[in-house]
Amino acid sequence: TYVIAEPCVDVKDKACIEECPVDCIYEGARMLYIHPDECVDCGACEPVCPVEAIYYEDDVPDQWSSYAQANADFFAELGSPGGASKVGQTDNDPQAIKDLPPQGED
């Protein structure tokens, strides 16, 4: 599956959402998350991300390895709704994401 890492925090371009054929990219308050059980590993999201925040789970850079766990934590509470469009934006970013200082452009 794919994981969205730190470059997405406070940016949320959402080009990946438009590209995803299975509606598995969910929106938190500060970043986007890919549902590991709903993702079909097509990779369509990765090249369209303008901030290069999306990685195959085995290719996440070491400095962002904690984002795989943050992604899992996001869905531990949300469960598997069967499509992001049914949910809309939620405020259940994991605490590790909530605690990050503001990101993105000044």
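Counting begins at 1 with the first residue displayed.
From the backbone N, Cα and C atoms, a Cβ is placed for every residue, glycine too.
As annotated by Swiss-Prot, [3Fe-4S] cluster binding site applies to C8, C16, C49. Cβ-based neighbour count (10 Å, all protein chains) for C8 ([3Fe-4S] cluster binding site) stands at 25. In the three-state DSSP scheme, C8 ([3Fe-4S] cluster binding site) falls into the helix class.
All protein chains included, C20 ([4Fe-4S] cluster binding site) registers 20 other Cβ atoms within 10 Å of its own Cβ. According to Swiss-Prot, the [4Fe-4S] cluster binding site annotation covers C20, C39, C42, C45, on the basis of similarity to another entry.
What Swiss-Prot records for 30-59 is domain '4Fe-4S ferredoxin-type', and it gives sequence analysis as the kind of evidence. The residues of the domain '4Fe-4S ferredoxin-type' (30-59), classed with DSSP into helix (H, G, I), strand (E, B) and coil, number 7 helix, 6 strand, 17 coil.
Within the same chain, residues 6, 9-11, 17, 22-31, 35, 38, 66, 69-70, 73-74 sit at least 6 positions outside the region 'Disordered' (81-106) and bring their C-beta atoms closer than 8 Å to a C-beta of that stretch. For 81-106, the entry in Swiss-Prot reads region 'Disordered'.
Neighbouring residues of the recorded [3Fe-4S] cluster site, listed in sequence order and excluding C8, C16, C49, comprise I4, P7, K12, D13, K14, A15, I25, L32, C45, V48, P50, V51, A53, I54 (Cβ within 8 Å of the Cβ centroid). Sequence-distant contacts of C45 ([4Fe-4S] cluster binding site), defined as residues of its own chain at least six apart whose C-beta falls under 8 angstroms from its C-beta, comprise Y2, C16, E19, C20, I25, I34, I54.
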